[in-house]
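K.L.:
Straight out of TrEMBL:
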TRANSMEM  A:12-38  transmembrane segment
TRANSMEM  A:58-87  transmembrane segment
DOMAIN    A:62-279  domain 'ABC transmembrane type-1'
TRANSMEM  A:99-119  transmembrane segment
TRANSMEM  A:149-173  transmembrane segment
TRANSMEM  A:194-212  transmembrane segment
TRANSMEM  A:258-281  transmembrane segment
TRANSMEM  A:302-333  transmembrane segment
TRANSMEM  A:362-384  transmembrane segment
DOMAIN    A:362-552  domain 'ABC transmembrane type-1'
TRANSMEM  A:404-425  transmembrane segment
TRANSMEM  A:431-455  transmembrane segment
TRANSMEM  A:485-505  transmembrane segment
TRANSMEM  A:535-555  transmembrane segment
């Protein structure tokens, strides 16, 4: 009975990842090829594509997506490398990890809005230097926002990508056998006179990078195709390709949807191209490193790595502080003329208004996040248990499964989510089910990866002891493993909820705009005029996932912990 | 003739890729401790895994494990009722000491709590039942681990280098205590170890495994 459930869960796991993405791609490909019976298009043709190619700025849009995505990934990768190089096996690493973990759960939209706050002409940094240093008595006309090159988009993407990559790298480096081996190898290199950073670069990084390549490519794919960040910070005419797809899709002219579908397909190509360019950059960098390594320079790149690491960390901390202070100040501000550093007074009115307005969106967000995360955690646990029971973990660490996990992260969401929306409208699935499925596809990979670390580290001998005491596999799973893994399970649940909270496009598209969550409302408000409301919405967006993590930290102290009850 | 409470290994062997790693044919009488000696990495623990029914899928086993003439090999691990002890006590940390001991007790056993308390008192741990297992010393944890195994009324006990992590002082003491208990309960026991002293104290038959000739070069 239990073993059947485990086997079924494995297939369900793979199907739930492949089917929505696959169906989505097929359903976006058909209208792109002008096959769309609902509006009377029955013949395949390349008309939509040729119309797309006639759009003046199409190449510009594609290049913008390519550039922002590649740049953000590059910054995040170099940042990750340099920070690890200077902090590997020092106390600083734990400190960096604690500092960056909260950034990981800040929704992309919130990060973008917050960055917009400080980059805007009337932003807090501009006020700090005005009028004494800058001479501005009115907000400057030139703005860092919506710049033509998408630099602010790149910064926002990099802010979000860096903590993700760093934490992925740390979870790889925490694998017991690998950690032990690498630590000794670094030791050997150090005794040969290599500086810590150079030792890391030439000994650890070549082993580490291939193990985080998939997450890095996922970051790249995501960065090229993200919608909410360029929507909030990016240039307007022309926007990035993903934003253009969204605009055409929402156009009143239904025939524009064919062009939107063609553009969505083009986006798969753009993202694919970005990945190819990245792999080429990888090859070039590897060859360069190899040549330098052969010279045997003991401090190769050491100076640069520390400079970049401290610059990256410094910038990140400064940005985070500025963002937080700006948001909090704006959310309580009454009248606040430029260039005053602080508002003339404080008020609770914005919080009162917003919290009333946000109660339904917050409830909606929970109604989506809770079932999606609970199911994702449950399914991941069953799949991991199946893997452990069938001793597959010792053969190959679930390589195929891991590749499937990255499928929804590698295919641009803007492509398959459109298809999925078409598809669900076609079969009349309503709005809630498609939204739940879309969220699930994004939540499952993160939940699984987060649980897998703890599950695979679980000492299998506990299971054997359990069997020896006469407990069935089901009993061992339920009474021995799950309680002992309670803390990582709660963290995975909180992570799932945070990921679901942060989804913009997977809520907007399959929900046909009818399901409002805190994130969709927040993006909508950010386009409007009220800075104060926007500040509150963004803060709520940041606080909600943190509540989940606080619970995930507190609950294991109370439950399945006999130490809490005895003295 | 069927001998009561006897664990028999009928040419039990573990192999990988059609290469036999270890093979043992023996009979373990109740209250006797059979030691399987050999250098580390030779597959002693795999043999115990095969007996317990938890051999990883990459290995194959041949031969059979019998208890009182009935074959155990076809049974899943949790129905074999072979208690296993490792070098770590592996107490369940989400349960207190008494809950750990009660976990393995037969379902129809009455007043489990009371029995757990009695068992603890017998080994000088009276009043420890409600404590968190992390609060116990290494020697105390080892004692609770054995109590937990014995309370589950196993058919036999398997010991996988059980004393190698204890320090010199407590090792001899704990070892004698464990062996005495197993003998008193009349349980057949198989221990794998590379420590000569373990075998001496066990006072039972010793099976020494040596490296197969043809592989010596490769492994050295």
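Cβ atoms here come from the backbone N, Cα and C positions, even for glycine.
Map these features onto the structure and tell me what's around them.
P.N.:
Residues 44-49, 257-258, 261-262, 264-265, 268, 379-380, 383, 401, 404-405, 407-408, 411, 415-420, 422-423, 426, 437-438, 440-441, 444-445 of the same chain sit 6 or more residues outside the transmembrane segment (A:12-38) yet have a Cβ under 8 Å from a Cβ within it.
Here the transmembrane segment (A:58-87) has Cβ contacts under 8 Å with residues 52, 93, 96, 149-150, 153-155, 157-158, 161-162, 164-166, 169, 173, 196-197, 200-201, 204-205, 208, 216, 219-221, 223-225, 230, 234-235, 238-242, 244, 263, 266-267, 270-271, 273-274, 277-278, 281, 304-306, 308-310, 312-313 of the same chain, all six or more residues outside its ends.
Here the transmembrane segment (A:99-119) has Cβ contacts under 8 Å with residues 125, 143-145, 152, 155-156, 159-160, 162-164, 166-167, 226, 228-229, 232-233, 316-317, 319-320, 322-324, 326-327, 330, 495, 498, 501-502, 504, 519, 522-523, 526, 531, 534-535, 537-538, 541-542, 545-546, 549 of the same chain, all six or more residues outside its ends.
Panel annotation: around the transmembrane segment (A:302-333), residues 75, 78-79, 81-83, 85-87, 96, 99-100, 103, 111, 114-115, 117-118, 123-125, 159, 162, 195-198, 201, 342-343, 345-348, 350-351, 531-532, 534-536, 538-539 of the same chain, lying at least six beyond its termini, place a Cβ under 8 Å from a Cβ of the stretch.
Same-chain neighbours of the transmembrane segment (A:404-425): 14, 17-18, 20-21, 23-31, 214-215, 217-218, 221-222, 224-225, 227, 242, 245-246, 249, 260-261, 264-265, 267-268, 270-271, 275, 433-434, 437-438, 441-442, 444-445, 448-449, 505-506, 509-510, 512, counting only residues six or more beyond its ends whose CB sits under 8 Å from a CB of the stretch.
Same-chain neighbours of the transmembrane segment (A:431-455): 13, 16-17, 20-21, 171, 174, 368-369, 371-373, 375-377, 379-381, 383-385, 388, 398, 405-406, 408-409, 413, 417, 420-421, 424, 485, 488-489, 491-493, 495-496, 499-500, 503, 506-507, 509-512, 514-515, counting only residues six or more beyond its ends whose CB sits under 8 Å from a CB of the stretch.
Listed as Cβ neighbours of the transmembrane segment (A:485-505) (distance under 8 Å, sequence separation of 6 or more from its ends, same chain) are residues 105-110, 227-228, 246, 365, 368-370, 372-374, 376-377, 380-381, 413-414, 417, 438-439, 442-443, 446-447, 450-451, 453-455, 458, 517-520, 523, 541, 544-545, 548-549, 551-553, 555-556, 559-560.
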